[in-house]
Amino acid sequence: MTAPNYPLSFEPIFKNMLWGGRRLPGFLNRPAPSADPVGEAWVLSDVDGSLSTIANGPLAGRTLRDVAAAHPRELYGENVPRGGRFPLLLKFIDAAQELSVQVHPDDERAARLEHPDKRGKTEAWVILDADPATSKVYAGFRPGVTPADFRAAMTSKTTQHTLHSYTPTPGDCLFLRAGVVHAVGANILLFEVQQTSDITYRLYDWDRVDAKTKKPRDLHIDKGLECSDFAAGPCHPVAPAWSGRRERLVDCEHFTLHRVTDGSLFPVGAAGACRAVVGTAGRGELVWSGGRVPIETGSVLLLPAAVGVCTIEPSGTMTVLECSHG
């Protein structure tokens, strides 16, 4: 197999969700998979059953997992993750309706409650669009809420009143460690980076009925409560740390997330390390030692360690996010 020595792009994996909207296919310049609402587009994934497929160059048609297994050093550099699996899942979310009130386990609980090979799910969101009149984010418990309070609220169907909520603004970044109970409100478009995990414990689903099954979706109260962190408190947008033109949004043991908005040349990537670059506004070109590739809103490019530092040449002002694994 050819070594991954060029910027890799991938085919998005669309996920039909009852709360989803219609924006993601157009946002990613891809045809809609069906007439059903699309809630998520997984743009970089090594989750079983949803493996990202390379869309460009000599490795087109190969999965991310194929390349990671065959060329770990060329892909990751020295920081090869435990188990060899790509450790991050990147996605866009289009919430036309509220997502369920939910929580994700940490690594220890994921292994204990699900399977020894499973990982937890710490995540970060960047808000791309929101309706100032109707959109809300729910993240973390209000001060003083106890497990007994939360159980009582679930029984009385007032779960949302136990959670901190606020009206998001495009550009906001929220960092949600595993254990933080949360929900994305209606009319929000966001980017998410998270650990490679698809474990979600649904605690409340707004009393809605799935139009296809004619039944409410399953809840996972016992596991969800075991994973819920009542000491974490409200979750607020992060305060970026600036370094020149770069904002450091998140730096945790699982991943880092930076943002750059600029109208002149700026570097992305790193020598000997793997980076993912995501366009969230504007357009331009990514220039590397072997050529140049277009990058625009919705583009996701994985820069293998073998590629090294690249340059963004924006056409006007452009915003990109840069992700790396811990």
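Residue numbering: from 1, along the chain as shown.
Keep in mind that glycine also has a Cβ here, set from the backbone N, Cα and C atoms.
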Listed co-binder of Zn(2+) (same site as H104, E123, source TrEMBL) among H182, H236, H258: H182
Residues satisfying Cβ distance under 8 Å from H104 (Zn(2+) binding site), sequence separation of at least 6: G120, K121, T122, E123, A178, G179, S197, I199, T200, Y201, C227
For the domain 'Phosphomannose isomerase type I catalytic' (11-118), the number of residues DSSP places in helix, strand and coil: 23 helix, 35 strand, 50 coil
Nonlocal residues around R202 (active site), in sequence order (Cβ under 8 Å, 6 or more apart): S100, V101, Q102, R217, D218, L219, H220, G224
PLDDT averaged over the residues of the domain 'Phosphomannose isomerase type I catalytic' (11-118): 96
Shell list (Zn(2+); ref centroid = CB of H104, E123, H182; cutoff 8 A): Q102, V103, K121, T122, L176, A178, V180, Q194
For H182 (Zn(2+) binding site), nearby residues of its own chain (Cβ under 8 Å, 6 or more apart in sequence): V101, Q102, V103, V137, Y138, A139, G140, L163, L176, C235
Around the Cβ of E123 (Zn(2+) binding site), the count of other Cβ atoms that are within 10 Å: 23
